[in-house]
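Student: Summarising the annotation, TrEMBL assigns domain 'Ig-like' to 16-104, 118-198, 201-293. What TrEMBL lists as transmembrane segment is 300-321. The region 'Disordered' annotation in TrEMBL covers 327-359.
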Amino acid sequence: AGFIKSPLSQKRLTQDSVELYCEAIGNPIPEIQWWFEGNDPNETYAQLWDGARQDRVKINATYNLHSTSTISIANLTSDDSGMYECRASNDPDRNHLSKSPKVKWIRSQANVFVIERPEIATQVSESSGKLTLSCNVSGPHLTIKGHKWMQGEKVLEKDESTSAFTSYTINGKREEHSGIYECVYEANPQIRGQVNISVPPQVVAYKKSEHGNEGDTGVLTCKNPSFPAVTSWFWYKSGHGLLENASGRYIIKSSGNKTELRILKLDIEQDTGDYFCNGTNSHGSGDATVNLRVRSRLAALWPFLGIVAEVLVLVTIIFIYEKRRKPDEVPDDDDGGSAPLKSNATNHKDKNVRQRNAN
């Protein structure tokens, strides 16, 4: 057996997590084990298994063409500091209790240093339409090489100051910028502090006006884009009061910052009106209004019936026009026969007059 990748030594803070990776090859495919030796001089190596240390240790291994194994330890304490050893062997007797293996286990080691987490004092102040977020590290100091302010994965601001104090300014009101912000100290290991801007729910309707056909299912939706999340949602109807799932016609589904009201078998008289969604968290409550309009089932036919009516009117107009113009364009049979007779009589009279004159 031989190592392709070995675990790397790391520094971590208490309450953080650490992950070590090991990869080995051989024929047959070798087995991988993880062992630990603490910093106590009297402590000896002990094998680690999945679920050890009150289920804080997780080991994932795969054996496909070669061996890979990852050990992760959550919620680190100072007792987790020490030497972690990845052992690999493909000797048939490697785990035999009475026989010594023909080939020793090969080993790769990595040190994990768990440092006491410094205390970070955080604050949010509001003045003159601006919000100021600040962090100040106290307790055991590490070498600071700079700062970053982040929201989620987005970097808002960074500098290379070595100060234990850092701040970030936001233009606007608290309600417009609620959320979780982080002040990150560039050190080894990295130090992170969390600054929360918390407000009552800023509830908004997904659509302020909804339409539905009689007999169909109506869907009304509200959401809360602010922080913290809503802990309880309620729906009301103007003139009706609180709506509940137990009624049979109303189905309410809520999860965190979103709630949905479904109304079964819409009725024009009963369901048309204003609905109110109300959300509550630890800082207060907020609500929004949704207007629901229920249309008759025949409403969808009106556009089609309108087109049919227009076509019928056009056809009627064309038909009347054609009927009125036919007598002017087509001559009667009597008129057509009299014209040639009149012409022949005139010609015969003219011929007789010319003959008498000649005589």
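Residue numbering: from 1, along the chain as shown.
The backbone N, Cα and C atoms fix where each Cβ goes, glycine too.
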Student: Within the domain 'Ig-like' (118-198), count helix residues (DSSP H, G, I), strand residues (E, B) and coil residues, in that order.
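Tutor: Computed counts for the domain 'Ig-like' (118-198) are 3 helix, 50 strand, 28 coil.
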Student: Count the residues of the domain 'Ig-like' (16-104) that DSSP assigns to helix (H, G, I), to strand (E, B) and to coil, and report the three numbers in that order.
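Tutor: Result for the domain 'Ig-like' (16-104), in helix, strand, coil order: 7 helix, 43 strand, 39 coil.
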Student: What parts of the chain pack near the transmembrane segment (300-321), using Cβ distances under 8 Å and only residues at least 6 beyond its ends?
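Tutor: For the transmembrane segment (300-321), the far contacts come to 213.
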Student: By DSSP, what is the split of the domain 'Ig-like' (201-293) into helix, strand and coil residues?
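Tutor: Breakdown, helix to coil: 7 helix, 53 strand, 33 coil.
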